[in-house]
Amino acid sequence: MLDLDQEIDEPNKKLPKKGIIYLSTIPPYVNVTKIREIFSEYGTVGRVYLQLEDKEPKIAQQKSKKRTIAKKFTEGWIEFERKSVAKKVAAMLNNTQVSNRKKSKQFDYIWNIKYLSNFKWVHLHERLAYEKAARRQKLRAEIQLAKKKTNFFTSNLSKSKKKLPVSASDFKFKRKPTSEASENIEDRKEFLSSLFN
């Protein structure tokens, strides 16, 4: 690393550009400190960000309160102090085993690493802020839809309560005597003939 004194003495010397690599999968039981430990062997690691997996429903969390579950991460970004180191690490470790020890929990997992050219740490923050805003907007829309449905249901429920209760006798089919039925049929025929004549 450069000293502040060196920067003042040599103003024309450029600082090395930082490089960022992207990890599309994070093996289980691997966290930020473990990632930093693994990748610091290849060069100086700056910032590390791992995306947490979406939370499970509360019902599943209540069952497992007795033991603490390790956090699961879906993807990650690692910033190296030098761009050349980031490129070399991405080329060297891509499609290689995470651990060579057979008893390791990460033995069956493979690194899937890509170097992100022209990508700055600011872009990552912008993307995460956009995703967070989109999630909030989606949640607000779902809440509004649920409120509309409940309001509609309660209004219909109150309307149905205002109506008089219907008795079973209203639905019974009452038979008319046969003589009245024949008179009704004749009246109907007369009515129809008067309409179409």
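Please read every residue number as a count from 1 along the shown chain.
Yeah, the Cβs are placed from backbone N, Cα and C, and that goes for glycine too.
Note: TrEMBL annotation is automatic and uncurated.
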| Per TrEMBL record, range annotated region 'Disordered' [choices 54-77, 174-197] | 174-197
| query | Of the residues in the domain 'RRM' (19-102), how many are helix, strand and coil by DSSP? | reply | 25 helix, 22 strand, 37 coil
